[in-house]
Ligand code: NAX
């Protein structure tokens with residue numbers, strides 16, 4: 001990490017280490033894509049007991065990849081061990097929605113995972129810990145983890161909305177027939193769910209305002225980005241994994257090394273733009289000096305305010321549903 005000396009390894013915890021996303025993510029971390037090409041990495045892989053053997057297999061393959069920067073791997077089912085001394089954590093493992101499960105049950109089941117993991121982070125992680133929650137419902141899981149991590153500032157807990165951001169960039173680049181790298185000032189507000197608001201109001205292509213017709217924007221672009229996860233499942237036959245891992249790499253790399261302009265991250269709200277203080281919501285952010293800062297001073301239209309409010313209302317309802325875990 002930027003604040004560590006280059007010879008000291010950064011300690012990184014990944015939960016859900018035997019799962020699909022981790023199978024891409026771990027290789028990117030070990031190759032130096034997140035913390036820098038000259039920063040050694042020590043990995044701690046956390047799994048449930050039934051999957052630790054599979055995680056051992058993942059660790060064997062990581063070893064077989066002979067990464068010069070990878071200087072140690074621990075596989076464990078103990079959160080206390082996994083987060084011991086951690087400088088960064090990717091909380092990927094989560095309880096999937098079972099058949100007939102209500103959203104409130106899903107929230108509660110995941111609360112039972114993210115509460116104890118937050119507590120273990122508070123008790124054992126390094127003082128510079130940075131956490132990104134990937135496991136769904138990511139925003140509220142991050143809220144629960146932050147609540148249980150005593151003495152860790154809430155801004156160290158974030159949730160992944162960079163995949164939504166990247167999906168928005170990709171759709172817009174296809175529409176404008178330009179390169180993703182030509183685009184800037186795109187953001188996704190709210191929850192990592194179908195209520196999210198991918199916002200092109202401030203978007204620029206090669207430094208000039210983006211001009212797209214309103215019906216494409218509201219009837220095609222917004223729903224397509226918001227429901228892209230379901231589209232991938234339909235076409236690929238399983239959920240987004242490599243793209244989610246890649247977005248998690250982008251999220252943590254920018255947090256540690258700084259972003260190139262705007263990037264979307266779900267961070268703890270300071271009350272900006274009418275988003276209730278304390279909720280973990282997607283905002284336009286800029287990462288610098290090891291912090292995600294919410295872009296301030298944007299003038300919002302009624303349309304933007306309504307879209308943001310619809311997603312924030314869902315986050316508020318999720319927070320209420322897990323109220324007993326936040327008491
Ligand atoms: P998998 O089911 O392939 O892997 C999940 C792994 O987590 C399993 O190996 C399981 O044993 C483990 N696990 C469960 N509970 C655990 C616990 N308490 N401690 C440690 N490990 C635990 O799922 P995968 O495809 O990797 O997806 C992981 C999560 O990411 C899911 O919740 C998924 O919904 C979420 N996603 C989030 C995205 C985002 O942008 N925020 C996009 C992709 C993905 O949908």
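Cβ atoms are placed via backbone N, Cα and C, with glycine included.
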Among 136, 139, which residue does TrEMBL name as a further substrate binder in the site formed by 97, 103, 167? 136
Between any two of 97, 103, 136, 167, the residues recorded as binding substrate, what is the biggest Cα to Cα distance in Å? 25
Average model confidence [pLDDT] within the domain 'Lactate/malate dehydrogenase C-terminal' (162-321): 97
Neighbouring C-beta atoms (10 Å sphere around the C-beta of residue 167 (substrate binding site)): 23
As a test of the contact definition, list every same-chain residue at least 6 positions from residue 16 (NAD(+) binding site) whose Cβ is closer than 8 Å to its Cβ. 22, 46, 47, 91, 92, 93, 94, 134, 135
